[in-house]
């Protein structure tokens, strides 16, 4: 059936004024919201019912029409349509602006799209838009050219007239001066008076000359401006411009504000501009070419989409529905309102004032000021604070604009579309439930009743315990007896989901069958704690209820805890026995010498148990017990024991073992080889690993439960306790320390005599004290008796490690100062002895730094996970096989000194769980395994035994699927151990596998004993981030750009490494820091890509010099290096998925005859497709350069604008996408979650949506043992959808419902 939400693409574009008017249901003319007396929305206001619909269902504003029977009528009195009030969530209004305004996203975003289109600097744009300068819109070139001679003559004439006037006025004044001087002479005036008269006249003449000269120069400037006038020029508002407008206004048009921009955009010829820019790109160089490329990108997007650039200037502002910007009455009668209403109010007020001023014909300066204020009001509405100071509300808080509603963690995308709260859920504290089976959890009765309430109510009515819903509800609220019976029936075989935050990987949500328990705490199976990273110190967990039959099926089949035994990150079991269980099993399987019953023989385990109960036999005594039908692994059977072909003993066998070990083996499957060893942490891990490989999950889960039960049982009986007397300080400690004290004093003495430097002294002291600490630790371990409880806990792997014991019983050792440098004086006391004040003080630095670091790490690791998920969320298994013959050559073994093959230590996480891309051939040239074979543990052993050292395996890095990856290249799913299914979201699993252990990685750089040096290499989490972001590392080492010979030039100030290539090219010069440690010597021959000094390498350089395969190796190896150093196993294929995403784009260098733009980033798949099409037409193909992008940049460069916008830089992404008229193909997960569709992965894939399931008779009988369906009208199979396993929810099918 087709759904309304079934569409393939989602496009975003630029809305024109007509679009906005089409969406609108009326114009908002008044800034009023709600009438304070009647509390009804004001007419034509921001909440007007005439525009947005009635505020009460089926009722007009004046109350003339009430009830649903008047549906669709528009009241003639108040003008309100009678309909549901829900329309107030979807009906929009609009504001008709009295003057156009620019959209701030297009003008102020970086880069400024308007600026690129009009080829203007953002500064100049701002001057025009905010009324600080005029912009020339058009010039009538023909008329100007035609009239130029006449106008020039006129102007010259005017200038001549002015000059004549000036000269005549000066001459007249000179004449007057002479007359005055003659008169003064006649009067016999003093020389002072004459001089004053002369000075006065000269001053007057100067002023006259200056005034005339200014007029003449102004005319000349006006003329020059007129002659050189061109479109797009900016003119300040001054006398020259006003004169220019008065004199030559008919030849040109100049405007201010958004109106100017609008007129320019309307007259803009996109095609001509595109041609011009292509020409510039072909001929230009440097900055000019780069700018032309950027401008062409903007021009092309408008040409391609048919969007009108004039839509970037608004004449109409849309008003969003009132329910999305609500106004609510508070208790005190005051109102709380959304900030948007204030911002809309400002726009309406200013718009109305401007309209009034225009009607009154106000002076231009006042009108312009009002237009500028309107522009600022609309800016604040769209993106408050983007330009100038933000508009603030009460308490100086910046108001939340439309952009802020979308941005960030609290924005619409991340808060409401990607993370919704769900119904049918609860949360409570967790406690341990050791009696549970692996697939069960304990659900508090009250909680279960609340969660299943609707189902309980329905069942009560079906069973006639209640007549109607109200009565049933009352029964539930009063907790009647029948209610619990019904709840018990409903809950049977109905899975619930348990989730513990933070959900770092997919094992953070698992399904369990609930068991009703008393109390209010959820009971959790102890073996699943590791997957949830849960402990019982107050952790809480949430419970969710899968409702539909499909959801229940998925929960039971895919998410049940007993089906999730393996970790998706490395394929190893996650449900390992821990702590109490380990100590119990260790106690059970230990062998003790000289204890009761040693050497006795028993006819059966039962007889041995009897002897133990009678206290004549110790659990750990070495005895002989007759056992039947036991299995042994290859070469493990005792001498003289006969085995059949399956490894099973023929007849009974008298086995030398302990009773404990015999009991332990009873917990394992019948045909599992007999374990004759101490079950410590390592051994148990091996056993569980083996079980997971050999047996179906049901069998493994049962065995794990038996192991768990045995562990707890014997832990209780082992009586393990800890007292202070168990912490034994080694008696030789003082003697050991005094010896090292002497050595330290000697080193200090040498330093004081000036024989060694401070750095050498520190280094030597650190080495001395490290040796001392190690020796004390060794003495302490030797001093602890084997049956010491602390020793048992640590050596069995149940809890703690020797370092912790050493600090309690031996000595604390060296600690570091706040800078991270090691203090060369150790803490010689242990916690058992107590620390001195100074020792306590210096040890607090490290402890506090540890806590601060952990807090930082958690946040950093979370952000890394988010970026990884974002970049890889559309990597889904899309096909079975892409058909490529490419692959990676990976080592599986090396040749030992004796010629034998030594297994490579990283095989588990490199070639394991993949398939061969080519035949595996040994040195003799024999094919050991054909291409396409699955590489598992058995196959690896087989290959190594046959002498194969390197194999070529399929990898996602070489997969040629256009979208997602193929199953053959990915290989086995590590979580199931089988070939990955189509629809598996391998991208997100990869991101979780890398991100989940992120918190365990150390922070910052490591300092090598003391002062920071160039050897400080970024490690831990920051290094992983540096690699995934493809950043140039700090102090990056250059790599040889060709094979050649090295020359080192050393001067006082600097050092250079010069590489002379073998092929006679120009030498390459690398400046190197003086303190850097070189890896090459003078005169040495180096190969292409060889590192020149100690430090990290820039991935971009590796790509440029050595190519794609090498940069892939560099990134995968670098990330693995960090995780391995922390002992965290992650399979290479997860890192490869991310690296594939980092390398999927290419930059177009030459566009040839394709429609690609030079400098454009395109998907490699699209680039190849375009080139293929161009080749078939016989045209010139494009050429491109491979790019390595950081994960943040790669996430933003995705094809999906929805995914990019919900990740980061929301406004920038949306601006660009709207301008380009982008279509979202809805291939990834996020975009489908945002629009509320099923994700195109797993069971949400289209191919899995049309499966019909029919229930067998057996299944029906199983579900309803007490009912017989004979009546066709009651139970018509064609009306139902069934799931072919025995777990229907009890409320799904009830007689009498489906007729």
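Just so you know, glycine gets a Cβ as well, placed from its N, Cα and C.
Features reported for this protein in Swiss-Prot:
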{"type": "BINDING", "residues": "60, 62, 75, 78", "note": "Zn(2+) 1 binding site"}
{"type": "REGION", "residues": "188-209", "note": "region 'Disordered'"}
{"type": "BINDING", "residues": "535, 537, 539", "note": "Mg(2+) binding site"}
{"type": "BINDING", "residues": "882, 959, 966, 969", "note": "Zn(2+) 2 binding site"}
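Annotated features taken from Swiss-Prot, shown on the structure.
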residue	record	CB count, 10 Å
60	Zn(2+) 1 binding site	24
75	Zn(2+) 1 binding site	20
78	Zn(2+) 1 binding site	17
535	Mg(2+) binding site	11
537	Mg(2+) binding site	6
539	Mg(2+) binding site	17
882	Zn(2+) 2 binding site	19
959	Zn(2+) 2 binding site	24
966	Zn(2+) 2 binding site	21
969	Zn(2+) 2 binding site	29
Integer Å value for the Cα distance linking residue 539 (Mg(2+) binding site) with residue 966 (Zn(2+) 2 binding site) is 40
Rounded Cα distance in angstrom between residue 75 (Zn(2+) 1 binding site) and residue 537 (Mg(2+) binding site) is 64
Nearest to residue 966 (Zn(2+) 2 binding site) by C-alpha distance, among the binding-site residues 60, 62, 78, 535, 537, is 535
Here the Cα-Cα span from residue 882 (Zn(2+) 2 binding site) to residue 60 (Zn(2+) 1 binding site), rounded to a whole number of angstrom, reaches 62
Same-chain neighbours of the Zn(2+) 1 site, Cβ within 8 Å of the mean position of the Cβ atoms of 60, 62, 75, 78 and not counting those residues, run in sequence order as 61, 63, 64, 65, 77, 79, 80
Note: in the chain of residue 62 (Zn(2+) 1 binding site), residues six or more apart in sequence with C-beta under 8 angstroms of its C-beta are 75, 77, 78, 80
Students should find that the Cα atoms of residue 535 (Mg(2+) binding site) and residue 969 (Zn(2+) 2 binding site) sit apart, in Å rounded to an integer, by 38
Cα-Cα, residue 969 (Zn(2+) 2 binding site) versus residue 60 (Zn(2+) 1 binding site), nearest Å, comes out at 64
Spacing of the two Cα atoms, residue 537 (Mg(2+) binding site) and residue 959 (Zn(2+) 2 binding site), in whole angstrom, works out to 46
Given the Mg(2+) site 535, 537, 539, its other Cβ neighbours within 8 Å of the Cβ centroid, in chain order, are 430, 534, 536, 538
The region 'Disordered' (188-209) resolves under DSSP into 19 helix, 0 strand, 3 coil
In three-state DSSP terms, residue 969 (Zn(2+) 2 binding site) is classed as helix
